[in-house]
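Encoded as structure tokens, the structure appears first; notes follow it.
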Amino acid sequence: MKLPDKYEARMEALLKEEYQAYIESFNKDRYYGIRINTLKIQPDVFKKITKLKIKEIPWAYNGFYYDKDQQPAKHPYYFAGLYYVQEPSAMTPANFLPIEEGDKVLDLCAAPGGKSTELGAKLNGTGLLISNDISHTRAKALLKNIELSGITNSIITSEPSENLLNHFPEYFDKILVDAPCSGEGMFRKDPNMIKSWENQGVEYYSAIQKDIIIQAGKMLKPNGLMLYSTCTFSPEENEEIIEHLLKEYPEFTIEKLPMVEGFDIGKPEWVDGSEELKKCVRLWPHKIQGEGHFLALLKKQGNSNGIEKEGYKYSAKKKEYIELEEFINENLSIELDYNRIEVIQEKVYYLPKDMPNVKGLRLLRTGWYLGEIKKKRFEPSQAFAMGLTSSEAKSTINFSINQDEVLRYLKGETLQVESSKGWKLVCVDDYPLGWGKINNNVLKNKYYSGWRWM
Ligand SMILES: C[S@@+](CC[C@H](N)C(=O)[O-])C[C@H]1O[C@@H](n2cnc3c(N)ncnc32)[C@H](O)[C@@H]1O
């Protein structure tokens, strides 16, 4: 791999005697990982049911390496949302941000959702997750991953950080800023990053990151925690950004992060910064089995309770959702708080508890999209299926992983299945994949066409 001369010279000047080991890491293979979605399955249970050859990642209790000749994204368990395919080092930011159930969490730069899906799993259906990305196109991929993971308490926005700040000053308990960066830590994984580094380098991103971290800081409640991460090495995008926050905002302190074997500390000497920066963490491809990353956990000191935002005015009217209620009574054993239902142009959503007022924001999703009312009938959505467990459905079609019907279902085929008439939650080994409707032992396939197995 040919790295830009300018880049090599910078890295040599920074790394000195370590530089050779760093450069040699480019001759080795990159590492591949999956992260288990604990909303759906625990890692020890997954280990028992999977045929993938996997090995624990030391810094992520739910992360596993897999061999590169395997294709985990081409497996029905992936379609059931049991795991997310993620570069191993990229598992650190969401794993190291201590989320507690009930927290209000912001993932500011969230697409395509590698970290949001873990934050949502840690919330375990409680609190609120706002996942945002300035890019509308990338936010659509985020939406898919949130839905596939079965996260039901999230709001997906597509806004620049300053707009979010206008809505949410001192509102969040936890914030993840996985900042846009020059991507130096991903050169081995994705050589296309080199071109983009040459086009928009370190200084371009450093200026953006300085704005973003200050805006994020203002959205954090006193006593809240914010994790800043990048997948790049340049001090201008890492220690310098943290130093900038501490100068502008002396209420912030750097908190210690777990140090796993091979992790390196922050480098104050690279930015003429305070010794505190040593509490930041650096991941290097020549020291660990993963790509490059930078992490800093920041606490905002203070003792107010933050600024409570005006709550959302739930306005559910029974006549709007009567078909949904009928569908649930007939097919499911779940209890919904019907006050939280919202119907917009026949589309039915289950809004998060403690939903904030989001008027004026560009929204891709508010809460759990349950389905559509079509001709006085409720038609459940793919996202509804993904947020359920098999035991919550009164009637399922449960295929075992070895049955060829699983792939045929995921490809959208109509299947012959002996079963009673009506809606069925179609599952693989008891994990929901989507909906089907039986009539005369024929399963009409309701798997969302945009997600089909190709
Ligand atoms: C490193 S990527 C995020 C990856 C993501 N956290 C994940 O794990 O899948 C950075 C993201 O920041 C977004 N971004 C850039 N500028 C932004 C801004 N001002 N506000 C919010 N998002 C921004 C980009 O569109 C990009 O998707």
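Using the three backbone atoms N, Cα and C, a Cβ is placed for every residue, glycine included.
Binding of S-adenosyl-L-methionine is annotated in TrEMBL for C109, A110, A111, P112, G113, G114, K115, D133; the matching candidate from D67, D173, D178, D190 at the same site is D178. Reported as a whole number, the C-alpha separation between A111 (S-adenosyl-L-methionine binding site) and C231 (active site, nucleophile) equals 14 Å. For the domain 'SAM-dependent MTase RsmB/NOP-type' (15-301), the model gives a mean pLDDT of 97.
In the three-state DSSP scheme, D178 (S-adenosyl-L-methionine binding site) is classed as strand. Recorded residues G113 (S-adenosyl-L-methionine binding site) and C231 (active site, nucleophile) have their alpha carbons 15 Å apart, per Cα-Cα distance. Inclusion criterion for the binding-site residues C109, K115, D178: a C-alpha placed within 10 angstroms of the C-alpha of C231 (active site, nucleophile); this criterion is met by D178.
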